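Visitor: Mind having a look at this structure? Questions to follow.
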Amino acid sequence: MAMVCLTDFEEYAKEHLSKATWDYYAAGADECCTRDDNLLAYKRIRLRPRILRDVSVSDTRTTVQGTEISFPVGIAPTAFHCLAWHEGEMATARATEALNTCYITSTYSTCSVEEIVAAAPNGYRWFQLYVYRDRKLSEQIVHRVEALGYKALVLTVDVPYTGKRRNDIRNQFKLPPHLKVKNFDGVFQQETAGPEEYGIPANTLDPSISWKDVYWLQSITRLPIIIKGILTKEDAELAVEHGVQGIIVSNHGGRQLDGGPASIDALSEIVDTVQGRIEVYLDGGIRTGSDVLKALALGAKCVFIGRPAVWGLAYKGEEGVREVLQILNDEFRLSMALSGCRNVAEINRNLIQFSKL
């Protein structure tokens with residue numbers, strides 16, 4: 001069967017993954033309103049194409065944090081890739097390297113940061129970080145990834161507590177015994193008796209995390225810090241004031257607070273507030289090349305995909321993730337050309353039809 005669009009990979013993954021694994025990846029919080037709105041919000045946005053612009057040659061390249069990537073779509077941090085494919089994050093890393101784009105490695109990987117670097121030595125990578133009650137845990141992993149050549153830290157700030165994902169509770173979701181959160185292999189062995197949440201002991205995350213922890217992080221690393229999980233102009237302004245290098249507008253795939261905005265709906269006010277002082281990225285709900293175009297037109301420098309990468313893995317490992325990225329690249333190039341843009345610099349807000357309410 002030909003895989004034509006990202007939905008084809010979704011259908012394949014739903015058919016072939018176990019119910020508990022599918023439910024884990026698909027989950028949103030509570031009633032899944034925000035998860036679903038992440039997708040629906042793109043369908044409410046209309047484009048204003050310009051014609052007769054000579055689009056015989058097009059260029060999808062852009063830069064993130066000063067590094068050139070082949071097109072403005074990277075891989076968002078998602079956990080437990082080995083649940084979808086035996087090589088897990090190593091396959092994801094090789095696919096992203098092959099397409100010359102950015103892979104944000106999750107703290108909750110089922111391969112270690114060292115294994116990921118060994119699998120794709122020339123890949124461009126950022127590392128997604130949580131702040132733990134035991135700050136030493138966070139500090140050790142920061143120093144590991146810095147030494148390994150990861151190029152930025154992505155601090156996830158929307159998980160003081162884990163959102164209520166009903167199907168995970170019903171399924172009593174647990175990592176199978178042969179898999180573990182590899183970056184913390186051996187760290188928690190003394191605590192295995194207690195309750196576990198997504199592969200590590202419950203209550204490991206620190207709900208007291210605040211803006212002062214951004215300063216703490218800056219004090220232990222020279223890597224750029226990108227904050228993931230901002231949805232308001234107020235927090236965007238605070239992020240700039242605290243000297244971070246980027247923002248990922250994100251609602252965690254609708255897995256945290258249900259009833260918050262779709263990430264694409266929160267983008268404009270954040271871009272308007274930041275005014276080019278730092279780069280603004282987005283994840284959540286990207287399924288087509290025209291979604292990518294809409295996000296860039298509204299001011300995102302780059303977007304990141306979460307679930308579609310996992311669907312690609314479930315389909316055919318590294319090759320599946322490559323296919324997902326390639327389809328998005330081809331669709332984005334086509335949408336650009338059909339709206340009269342020859343390169344990403346020509347994409348701007350004039351492309352967006354703001355519908356009259």
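Note that Cβ sites are derived from N, Cα and C of the backbone, with glycine treated the same way.
The structure displayed is predicted, hence computed values, not measured ones.
As annotated in TrEMBL:
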- 1-357: domain 'FMN hydroxy acid dehydrogenase' (DOMAIN)
- Y24, R165, H252, R255: glyoxylate binding site (BINDING)
- 77-79, S106, Q128, Y130, T156, K228, S250, 283-287, 306-307: FMN binding site (BINDING)
- H252: active site, proton acceptor (ACT_SITE)
Visitor: Given a 10 Å Cβ-Cβ cut-off, pick out the one of the binding-site residues T156, S250 that has the most other Cβ atoms nearby.
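Guide: Going through T156, S250 one by one, the largest Cβ count within 10 Å is at S250.
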Visitor: With every protein chain in view, how many other Cβ atoms are within 10 Å of the Cβ of P77 (FMN binding site)?
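Guide: The Cβ of P77 (FMN binding site) has 24 Cβ neighbours within 10 Å.
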Visitor: Please work out which residue of A79, I286 has the most C-beta neighbours within 10 angstroms of its C-beta, and give that one of the binding-site residues.
Guide: I286
Visitor: Check the binding-site residues G284, G306 for other C-beta atoms within 10 angstroms of each C-beta and report the one with the most.
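Guide: Highest number of other Cβ atoms within 10 Å: G284.
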Visitor: What does the structure give for the C-alpha distance between I286 (FMN binding site) and H252 (glyoxylate binding site)? Integer Å is fine.
Guide: 13
Visitor: So which binding-site residues are near T156 (FMN binding site), with CA atoms within 10 Å, out of Y24, R165, H252, R255?
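Guide: So the list is H252.
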Visitor: Around the glyoxylate site recorded as Y24, R165, H252, R255, what other same-chain residues have a C-beta within 8 angstroms of the site's C-beta center?
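Guide: So the additional residues around the site are A27, G28, A29, T162, G163, D168, G253, G254, Q256.
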Visitor: Between the Cα atoms of G284 (FMN binding site) and R165 (glyoxylate binding site), find the distance and write it as a whole number of Å.
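Guide: Cα-Cα distance, G284 (FMN binding site) to R165 (glyoxylate binding site): 17 Å.
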Visitor: Including all protein chains shown, what's the count of other C-beta atoms within 10 A of the C-beta of H252 (glyoxylate binding site)?
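Guide: Within a 10 Å radius of the Cβ of H252 (glyoxylate binding site) lie 25 other Cβ atoms.
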Visitor: Provide the number of Cβ atoms within 10 Å of the Cβ of R255 (glyoxylate binding site), excluding the reference atom itself.
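Guide: Excluding its own Cβ, R255 (glyoxylate binding site) sees 24 Cβ atoms within 10 Å.
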Visitor: Mind computing the max CA-CA distance among Y24, R165, H252, R255, which the record assigns to glyoxylate binding, rounded to whole Å?
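Guide: Of all Cα pairs among the recorded glyoxylate binders, the widest measures 13 Å.
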Visitor: If one looks at the chain holding R165 (glyoxylate binding site), which residues at least 6 apart in sequence have a CB under 8 angstroms from its CB?
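Guide: Y24, A27, G28, A29, R255 - these are the non-local Cβ neighbours of R165 (glyoxylate binding site), listed in sequence order.
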